[in-house]
Amino acid sequence: MASQVLVALALSLVGGFSTSLGALLVILSGAPNLKMLGLLQGFAAGLMLSISFLDLAHNAINSIGFLKGNLWFFAGVILFAFVTHFVPEPTLAPGSDINRKKDEDDGGKDVMKKHRRQVLFSGIITAIGISLHNFPEGMAVFLGSIKGLRVGLNLALAIALHNIPEGVAVALPVYFATQSKWQAFKLATLSGFAEPLGVIIVAYLFPSSLSPEILEGLLGSVGGVMAFLTLHEMLPLAFDYAGPKHAVKVVFLGMACMSASLYFLEMSLPKDLSL
């Protein structure tokens, strides 16, 4: 169990630090390329959909039956819908709007300071919201790692790609408000650490050994969580930033890549790790 926790922690750190990568994009380029972020979101959405329906939900139904598998899956959907209802994930404001506001004469330094405080506050709220979203993602990586390295690795990859735009969403307003690259990078990185924190907490809450039926059911719920996250948050952003035609193409590209990775990992990993 200890080795599984360490593997899950390492995988969640990859996802957590990907928010730092998003912050670096802001620091190095100022305003991010929203179309590229949209394509990235679409690709990650394809990865997520493939994992959710073709791997996690599929395995749960095969292992514990159609009814129980669906009940666990939709329990995950309802759970994450409840979370997003009370903690909606903030959207990324277009960089051009922020840069325009930065250059505008707002009528004096006092007005500009007030505007910067408002933007900084929005950045802090964004960081809190993303942290709350990253926490269950860490739990998902932990449960996937218990199932096997293949599942944990694929979940961590998809979540890491999803977290890059989240890092941009945190760093962009903070950098504008404080003019500090370090503050923007620090806050975005801290918001990503909620993911490994989720691994640590759930590792102590769950018993050292779970029955196969409960584990498959929980992974089915993880599939529901990932499916809701994809359809509710990732796909709309991909459509807004990259356009529907490009977004749909990269979604199917992501699904194809994940299906290929599922096959090759299944063939290459030892059976005790890939089950």
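Cβ coordinates are placed from backbone N, Cα and C, and glycine is handled just like the others.
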Pick from 92-109, 218-235: which range has transmembrane segment per TrEMBL?
218-235
For the transmembrane segment (218-235), sequence-distant contacts whose Cβ falls under 8 Å of one of its Cβ atoms, 6 or more beyond its ends:
41-42, 44-45, 48-49, 51-53, 55-57, 59-61, 64, 69, 72-81, 84, 89, 136, 139-140, 143-144, 147, 151, 155, 158, 162, 210, 247, 251
Cβ pairs under 8 Å only, please: of the recorded stretches 69-87, 155-178, 184-206, 247-265, which one is richest in them relative to the transmembrane segment (38-57)?
247-265
